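A.B. asks: I have a structure I would like to understand better, so I am pasting it below and will then ask my questions one at a time.
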């Protein structure tokens with residue numbers, strides 16, 4: 001009986017696979033739900049599990065428990081290193097808090113300056129601020145400065161220990177990336193005549209002359225790059241022509257028959273336009289170097305990016321004027337931010353009443369400023385990402401590197417370091433101390449900024465703006481507009497949520513930099529940040545284990561030097577903010593020269609002697625054995641080519657099939673829009 005039931009279930013699953021239609025409307029939302037379940041990472045598959053008809057992955061699985069060692073998840077991509085980075089940052093901040101922060105909090109709490117001053121708002125933040133014990137403008141706590149320096153030295157020692165740890169597989173600073181072997185054994189050739197076929201290219205490049213001696217090359221993969229824009233244009237023309245010729249066939253049927261790899265392979269002369277570029281993979285790295293030397297004179301031979309790192313479509317067709325216009329506004333975005341903060345301070349001065357309602361409203365204004373700053377950083381991130389995509393149009397890694405470095409360096413300075421200091425020191429009336437600790441003053445601005453960058457990212461862990469829009473669309477199409485033209489492919493996408501851990505790293509950098517920069521004056525920032533890191537780790541880990549998709553959960557591998565530099569540098573500069581910026585501390589004091597020596601030493605290490613802290617990558621020539629081991633877990637360029645697999649892999653679950661499924665929906669929507677809003681033909685009017 002069980003055998004018969006298993007046979008029936010297998011037959012039903014086979015039927016579902018055969019009848020799966022990505023353009024089906026209205027969609028089957030249960031299929032979309034099952035597709036999302038099948039995509040999630042899992043510990044093991046339940047016996048007899050159904051498979052998704054879309055991706056052929058198991059639906060019923062056993063998920064990892066929340067206490068799973070994060071190192072175990074390395075088989076599902078590199079995102080586990082995001083959690084290791086949180087651990088490292090947590091330990092680094094804990095070192096400073098235990099050595100210097102607790103002492104600072106205790107000494108500040110013993111102060112009485114806030115109680116004696118009428119303008120000081122009686123809040124925990126002000127009681128625990130260093131302002132609460134500063135009786136004169138020349139106040140110096142040498143003990144605290146020494147403790148800070150000791151903490152920094154211990155942090156640097158920990159960073160070195162982490163980087164030089166021998167366990168390469170689990171070390172967050174090491175690049176466990178065997179796909180790099182394919183990159184090192186491959187060459188990108190350009191300027192090949194466009195009429196050449198793959199067989200012609202292989203015959204030509206397998207034989208060469210190096211230093212006057214004939215040489216033969218063992219080419220194991222040759223991936224031709226085709227013009228995606230040309231393909232889409234030709235397909236669109238074919239579909240429109242068939243619509244005019246075959247009125248009795250639906251648009252979806254025409255697209256299903258036309259936009260697929262089998263059709264392109266059969267009619268490749270009509271739809272494929274060779275760009276003159278090709279990825280060639282040799283049998284070992286030294287052979288790849290000899291290959292470049294041999295053919296670089298005749299062709300442009302260059303190093304390759306990793307197969308998964310290739311951006312196959314040129315993004316240079318974006319409106320560059322619009323992108324640079326956005327970048328121009330981004331450069332001057334700090335001006336309206338300062339204007340908002342100055343306007344807030346002017347309002348507080350004009351309404352200096354001490355009744356509770358006014359004090360609460362002043363605090364509310366600080367919350368508004370913090371939310372505006374948070375929103376401005378998110379909008380700026382989008383602009384920076386567009387700039388990074390445009391300037392890094394061939395490599396995903398280069399795009400993310402540019403995006404991260406610009407965001408981390410730009411946002412923290414433009415929005416969180418410079419504007420608050422400028423407005424606190426140079427705007428409004430009253431002493432600088434009054435500007436800091438009054439209701440709605442800088443003290444409340446800073447604590448609200450830290451809280452907003454702590455609480456909002458945690459809330460967005462489960463539902464951000466993009467996912468909220470998806471949920472609204474799901475409710476609309478599932479319960480209200482049940483007979484919509486939403487396709488099955490689009491319904492599947494609604495239930496999937498991409499997790500961008502590179503973007504989360506920016507949030508982490510902003511929070512940590514704020515804590516370190518203002519933590520000397522407001523040491524309460526440290527326990528707030530440590531609690532936030534603890535919650536962030538476990539909430540993101542829970543979401544990772546229950547919603548993570550291997551293809552989408554990627555993270556930049558190595559320990560970010562910029563983040564560590566900003567953390568250490570912010571702590572070093574934090575001790576000088578109160579003396580130099582706020583209280584006009586005399587720069588002739590000896591302690592300032594000591595500070596400059598410490599700053600110079602730190603800059604020297606990070607700029608000239610990074611290897612003292614961060615272990616250098618050990619480069620070696622990859623052998624054929626290394627390449628063969630690499631290919632057991634990684635695909636060559638041919639498999640990643642979205643347009644066509646030259647090895648004639650026509651599987652419905654391949655990367656090419658996914659590309660054409662997305663392209664089907666794209667062309668369907670574009671042609672439907674053109675049919676509904678036809679462009680009228682220009683007519684010559686008689687004179």
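Note: Cβ is positioned from N, Cα and C throughout, glycine not excepted.
Per TrEMBL, the features are:
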type     : residues : note
TRANSMEM : 85-106   : transmembrane segment
TRANSMEM : 146-163  : transmembrane segment
TRANSMEM : 323-343  : transmembrane segment
TRANSMEM : 363-381  : transmembrane segment
TRANSMEM : 402-426  : transmembrane segment
TRANSMEM : 446-469  : transmembrane segment
TRANSMEM : 506-522  : transmembrane segment
TRANSMEM : 528-545  : transmembrane segment
TRANSMEM : 557-581  : transmembrane segment
TRANSMEM : 593-608  : transmembrane segment
A.B. asks: Any chance you could find the range in 85-106, 146-163, 506-522 with the most Cβ pairs under 8 Å to the transmembrane segment (528-545)?
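C.D. replies: Maximum Cβ contact count belongs to 85-106.
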A.B. asks: Any chance the transmembrane segment (506-522) and the transmembrane segment (446-469) have 3 or more Cβ pairs under 8 A, given the pairs are 6 or more apart in sequence?
C.D. replies: yes
A.B. asks: Would you kindly list the residues that approach the transmembrane segment (85-106) from elsewhere in its chain, counting only those six or more residues past its ends and only Cβ-Cβ distances under 8 Å?
C.D. replies: 128, 130, 143-144, 147-148, 150-152, 154-155, 158-159, 162, 172, 505, 508, 512, 515-516, 519-520, 523-524, 526-527, 529-530, 533-534, 536-537, 540, 559-560, 563, 567, 571
